[in-house]
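The next block holds one structure in the form of structure tokens; read it before the comments.
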Amino acid sequence: MGYSRILGTGSFLPEQVLTNAQLAERVDTSDEWIVSRTGIHARHIAAEEHKTSDLALKAAEAAIQSAGIDKHEIDLIIVATTTPDMVFPSTACLLQEKLGIPGCAAFDVQAVCAGFMFALVTANNYIKSGMARRALVVGAEIMSRVLDWDDRRTCVLFGDGAGAVILGDSDEPGILHAKLAADGRYKDILNTPAQISGGKIQGMPYLHMDGPAVFKFAVKALSDIAVKTLAEAGVDKSEVDWLVPHQANLRIIESTAKHLGLPMDRVIVTLPQQGNTSAASIPLALDSAVRDGRIHRGQTVLLEGIGGGFAWGAVLLKI
Ligand code: ACO
């Protein structure tokens, strides 16, 4: 069996930026509170006419260009999103149509902020089993559409964006090891419970979160899965060049890095200007570090993410 390897990365952030100071004009909060508790200074907000598939398209086009492949080589599209354009078809099918590459397999993965981990691992298995050769894996979100903009406990945390990778078959190892996990018993501390029934939205259509409970769970789960992933792969932390974590809260990122024994100068942090972009945050962070030259070929990178469910995972790879 062969391997899969990242051939290219891309990302997209909407033009409109919403600063903490602007948010403080709307809800009872302050730049000082948001920065000290989360590390977030600003976030990007999608234009009203844009859907998640539009953000995904921009990120996908950038990834295709960076991989140097013809888009018609893509034989699998997986989109990780918790804010799909519509109930169905999947955002992956809508993206496929926008890319103009009909025919290839396309589906969505729903694991909220951990979605990109689940999507990447799925694509890896498709490639290793020979079912696909060139997979487009996207994390794309318009979280601003599921926020209650009068709830200061949640609206300050999130942002919109998209990130993508092209994963291709390879003779050399790219993805070295991965671990995924989920625990549905924690469904009540982070959710958006609404559903469509009888032609109406039933239940709360806004993101609900017990912040301190999520914080506690996230630090432990992320630390444990990162340590286990390295141990199972037989890779020492000193061999990890970069940690690319889900960008939810700077204190969660710092605690996880500390637990792993990695200094913060080996951690990619994009949170201050982007907020939590859910499934998009890991590919957005990866792409920014690839483009500014910090992450380059031959390096060992550990990706890790956690989201509602709870669902979480880590992927160790050679770039
Ligand atoms: N501005 C000002 N005050 C606020 C704000 C705000 N934006 N939000 C909450 N407060 C107040 C609360 O009302 C509370 O006031 P009270 O004591 O008078 O009731 C006080 O601040 C403390 O509230 P806590 O929720 O205990 O604040 P905490 O220090 O835990 O910080 C935070 C909240 C930032 C949400 C933190 O718990 C956290 O980051 N949790 C992790 C959640 C997360 O990252 N979620 C992302 C989605 S999940 C994921 O991606 C893993």
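Glycine too: its Cβ is placed from the backbone N, Cα and C atoms.
Any TrEMBL annotation is an automated prediction that lacks curation.
The active site annotation in TrEMBL covers Cys113, His246, Asn276. Sequence annotations record features per position, and here TrEMBL assigns domain 'Beta-ketoacyl-[acyl-carrier-protein] synthase III N-terminal' to 107-184. TrEMBL lists 230-319 with the feature domain 'Beta-ketoacyl-[acyl-carrier-protein] synthase III C-terminal'. As annotated by TrEMBL, region 'ACP-binding' applies to 247-251.
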DSSP helix/strand/coil residue counts for the domain 'Beta-ketoacyl-[acyl-carrier-protein] synthase III N-terminal' (107-184): 26 helix, 32 strand, 20 coil
CB within-chain contacts under 8 A for His246 (active site), separation at least 6: Cys113, Ala114, Leu222, Asn276, Ser281, Ile282, Glu304, Gly305, Ile306, Gly307
Sparsest-packed of the listed active-site residues (Cys113, Asn276) - C-beta count within 10 angstroms: Asn276
Three-class DSSP secondary structure - Asn276 (active site): strand
Confidence summary (mean pLDDT) of the domain 'Beta-ketoacyl-[acyl-carrier-protein] synthase III N-terminal' (107-184): 97
